[in-house]
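Working notes for the structure below.
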Amino acid sequence: MKTAAIGPVIRCEKLTKRFGAFTAVDAISFAVAPGEIFGFLGANGAGKTTAMRMLCGLLGPTEGAASVAGFDVFTQAERIKQHIGYMSQKFSLYEDLTVRENIRFYGGIYGLKTAAIREKTDALLQRLGLEAERNTLVGSLPLGWKQKLAFSVALFHDPAVVFLDEPTGGVDPITRRQFWDLIYEAAARGVTVFITTHYMDEAEYCDRVSIMVDGKIEALDKPAGLKQQFGVSTMDEVFLHLARGAKNVE
Amino acid sequence: MPAVELTNISKAYGATQAVRNVSLTVEPGELFGLIGPDGAGKTTLFRILATLLLADAGTATVAKHDVVREFRAIRNVVGYMPGRFSLYQDLTVQENLEFFAAVFRTTVRENYELVRDIYEQLVPFKDRRAGALSGGMKQKLALCCALIHKPELLLLDEPTTGVDAVSRQEFWHMLSTLKERGITIVVSTPYMDEAALCERVALLQTGQVLRVDTPAALRESYPWPLYAVRAARMHPLLQDLRAYPAAHSCYAFGETAHLSLAQPDAAAEAHLKAYLTAKGHHDVSVAPVPATIEDTFMDLLQTHHSAPVS
Amino acid sequence: MKAFLMFVRKESYHIFRDPRTLLILFGMPVALVTLFGFALTNEIKNADVAVLDFDHGVHARQVQNRLFSSGYFGLRDYARNYPDVAAAFRRGHVKLAVVFPAGFSSDFDHLGHAQVQLVADASDQNTAISLVNYATAIIRSYEQEVAPHRSGSPGPRVEAVARLYFNPGLKAAYTFVPGTMALILLLVSAMLTSITIAREKETGTMEVLLVSPMRQLPIIIGKILPYFLLSFVNGLIILALGVWVLHIPERGSLALLILETLLYILVALTLGVLISTRAASQQTAMLTSMLGLLLPTLILSGFLFPIESMPLPLQTVSRLIPARYFIVILKGIMIKGLGLRELWRETAVLFGMAGGLLLLALGSLKNRLA
């Protein structure tokens, strides 16, 4: 792991983003440890996407402090991008490129050597059981396979952190769980996983979960701790309890 | 006479078979769910019912009208909400509503009673452009627009996808209110937990109906003894349970793992605890648990395809 | 009917709330016309002229004085013979040569009919056209002053015979205003219409509209009506710019001009609908319009390149370009003052195109998706 600092991989202190008079992210503070699976929940419009963009180095914060993989989000956005992986449901792979071409492309983007790319590609395809599909166009793969491949590609350059933005939308329940197996494996290897989801059962699979309401982090704990704190039996209820109090759900 | 009847419907797009030989009936006044992941054929079925697509084979009727020959009659009595939020983003909430009312040859006032509950939630934003609404509000507005002409049948294609849990709950509450007014509702969703909120559901995968039944009957149809297993660390727990000799299947379910056994075992709990403790797990608890619709669905998926379908 | 009116209203909201559409609608004509206009007027300040005077008479001298005191032309060379002129052109020294044949002055006085030859470097065709036109106008005004009472004689007494050097096939004058007008009307009518229909397909609203009791025809008409009006306003703006800012004459019937413009807009709109029935996304609609309308119109309509000098296959293709006929009509009415009697063939072609496209478009309008 090419992490420049020991200690938390993601660290936010009073991180804030304002758009004009509107405060999208309001002084959030948290730290994520290496190898942790960190669930980042919130209603639509609660500020999740804005916060995630700041952490990925895509959006400059207004104030506060934050570092990702040891790099400062204010001054080292480009270094951050080198050390994180990103996958979303919407954009992941090029449908009109083959499996191998997609992998080679992403390897190239992150400056990996050709020999290294070839070697890692073989290992990756073997792990996913996609060896026979290496020259298949990604567009013709089933959705579940695409998502697994996209996740592996996001990890291809051995990032310290991987950001997953609703990665499991629309897939069947078995594939969704197989996807989580991949997440667990990555976390066991020491990769930090930062994930958003609308499936509340998936919140239970996270080591810790934060819930954003109106730009603030209203709750942050292990799933069991949150359920205990609110005296309910599922994460769904925790979420509903918190999000109902939101002022600007809209 | 059913409100919706599909008989042996098939539809392919080029080489891709989107819907295979689907037969279904929906009774008048029923809240019927099409449950399945992306690619299950839900949208294709909706488009066939909405008279937007012609099936390659099979027949379908909606409100007693044939979807091919009498499509005009169907278009007068159906309210359709496509998968994407089909609103004019650059029109305000009020303008969208008035537009759709006029297109359906009615006015907002005429059917105000039906949409009042939903509309009142939109009133504070009525001069806001639809594009500036949150996902949940857009969804409410789209429902309002689909209801504005007092349809007999609502066709809602994945109305809750990408919407947060709060809005989803509110949306299902609105659907149950509409159902009480006698409107037949066919709704699709990829969320298994929403299946429980329908009166009957069809479980779909790769264009085929796996099973049609009430949620309760689907839960009861689960054929294996099922246990909820907890331990301190989920991932090793899943791996060890899958290696358990008597295991039929094992999936993560929230904070527990659902383990089904290939054979009933009266002492399963004790056996499992001993097995897991021997594997070094802490805080182990094992309890029999009733199956959820998701358990049933996954079981059906497994028996239908042992490998992923490409 | 109410649904239809609501539809038109909705469409107007779309247009007036989208700065990009408005910019294309009203910014583009102004920009294009001024661009072409300026490119033209800038060139004609003290353009270098060679004079080849075989006459040495009083009228030849007078005409030269007029030319060189106008500010448009500057004397660069006195040529002694034609090869001198040709050499000056080749070296790029001069843009225009004025040739007075021997006996020009005496012909002017006694025969009432004299010829002067204007030779222009037509490699820069717009400049060449203007130079010839300016020079002709100056010669004509001289003739009017010197012999205003000698009316009744058939035709002008001084005939300015223009020869365009390097590009002899070029006959078109004032190509830019008719060309721009044909282009803009086509873009606004066809491109924007096809894009707005494609947008509804993309956002899914088309699905809802199709499922509504509203028929396809009112949907289409409701879509194109606002653009019909806008295109017309646009056409008037371009005309006004052309006439008042760039001093294009309007010699023919204004009513005919307006009717022909409406006919052309109709052709463009049906084209737009046809594209939209095929294009599934705004991007496809945009690309199709660009490749299928914008480029062929620019290249093949006679707007930028004279049709006569095109290779034969391209000439044949250019017959399919509606703008080609509209440009002929515009020039005919505005510059030559022609009427329907002379322009009926082009008008008939446009009518035929409108009818044919309308039938095609209606045929491919679908009740359903795909």
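Each residue, glycine too, has its Cβ placed from N, Cα and C.
What you see is a predicted model, and the numbers here were worked out from it, not measured in a lab.
If you look up TrEMBL, you'll see C:132-368 marked as domain 'ABC transmembrane type-2'.
Per TrEMBL, the feature transmembrane segment maps to C:21-40 (among others).
Taken from TrEMBL, the feature transmembrane segment applies to C:172-192 (among others). Sequence-distant contacts of the transmembrane segment (C:172-192) (same chain, six or more residues past either end, CB-CB distance under 8 Å): 21, 24-25, 28-29, 32-33, 36-37, 40, 125-126, 129, 133, 224, 227-228, 230-231, 234-235, 238-239, 241-242, 246, 248, 261, 264-265, 268-269, 271-272, 275, 285-286, 289-290, 293-294, 297-298, 301-304, 306, 322-323, 326-327, 330-331, 334-335.
Among the features that TrEMBL reports, transmembrane segment is placed at C:224-248 (among others). The list of residues near the transmembrane segment (C:224-248) in space but at least 6 beyond its ends in sequence, with Cβ under 8 angstroms from a Cβ of it, reads 8, 11-12, 15, 25-26, 29-30, 33-34, 37, 40-41, 174, 176-177, 180-181, 184-185, 188-189, 192-193, 257, 261-262, 265-266, 268-269, 272-273, 334-335.
Same-chain residues lying 6+ beyond the ends of the transmembrane segment (C:254-275) with a Cβ under 8 Å from its Cβ atoms: 181-182, 185-186, 188-194, 197, 220, 223-224, 227-228, 231-232, 235, 239, 285, 288-289, 292-293, 322, 326, 329-330, 333-334, 339-340, 343, 347, 350-351, 353-354, 357-358, 360-361, 364-365. Residues or ranges marked as transmembrane segment by TrEMBL: C:254-275 (among others).
The transmembrane segment annotation in TrEMBL covers C:287-305 (among others).
If you look at the transmembrane segment (C:347-365), the same-chain residues 6 or more away from its ends with a CB under 8 A from one of its CBs are 216-217, 220, 260, 263-264, 266-267, 270-271, 273-274, 277-278, 322, 325-326, 329, 340. Per TrEMBL, transmembrane segment is recorded for C:347-365 (among others).
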